[in-house]
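According to TrEMBL:
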DOMAIN    118-204  domain 'Squalene epoxidase'
TRANSMEM  151-171  transmembrane segment
TRANSMEM  178-197  transmembrane segment
TRANSMEM  203-221  transmembrane segment
Amino acid sequence: MAYDCVEDIDSQRVLGYALFHDGKSIRLPYPLKKIGLDLLGKSFHNGRFIQRLREKAASLPSVQLDQGTVTSLLEENGIVKGVVYKDKTGGEYVARAHFTIVCDGCFSNLRRALCHPKPVASTINALAGIIYMVLSAPTDEAKNELRRACFDYLSIGGVFMSTSMALLSGLNSDPWNLVYHFFAVALYSIGRLLFPFPSPKRLWVGARLISGGLSIVVPIIKAEGMMQMFFPATL
């Protein structure tokens, strides 16, 4: 059902990413061949996709479409039995169902009661946040060096590129691989910085680079939840 809804909304097939920096560019394809999966990525406007989902659901003969704002869930013995909602006039109504699906976006007032992220989500969220912070406009020399090192690290290709892309695309959800790549980029950056001679200034920048990198990674991982991300089986 959902796959039909990505058609005719100007959706584009996504084969990977492209990075541009200082007049240079690299292509970062998804490592589908090495993993042996037949997957297809699509890029689309979220609003058009949601509208197509609504149209698809409303077209089914067994569906009755009511529009309103859900204010709370109906729960009995820990089981969701329906919702309480208000219509456009402000009247409050109750809708009961054997099966309730909640899809109300990132600003949901129901998310706190239902949010139980899978481990793969924590890895992707953490990596996306780290990449955004690293590749965004640098505020000092250390962060600028870290950004250049990240670009050059991915430019090496091979396992450095493919395993990084497997993490970012969700094909590999192992958070320890995320930690490995972070320290690999940091060490690569420090090695470049200190070669051929480790001057006091370069040592100082290297120390700030490590400190800056940790200040990016640690808060993001803590926000995702240390136990949730690295030891989900214990929760």
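Glycine residues also receive a Cβ, built from the backbone N, Cα and C atoms like all the rest.
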May I ask for the residues of the chain that lie six or more residues beyond the transmembrane segment (151-171) and have a Cβ under 8 Å from a Cβ within it?
16-17, 19, 21, 24, 26, 28-32, 34-35, 37, 39, 41, 120, 123-124, 127-128, 131, 135, 177-178, 181, 184-185, 188-189, 192
What counts of helix, strand and coil residues does DSSP assign across the domain 'Squalene epoxidase' (118-204)?
68 helix, 0 strand, 19 coil
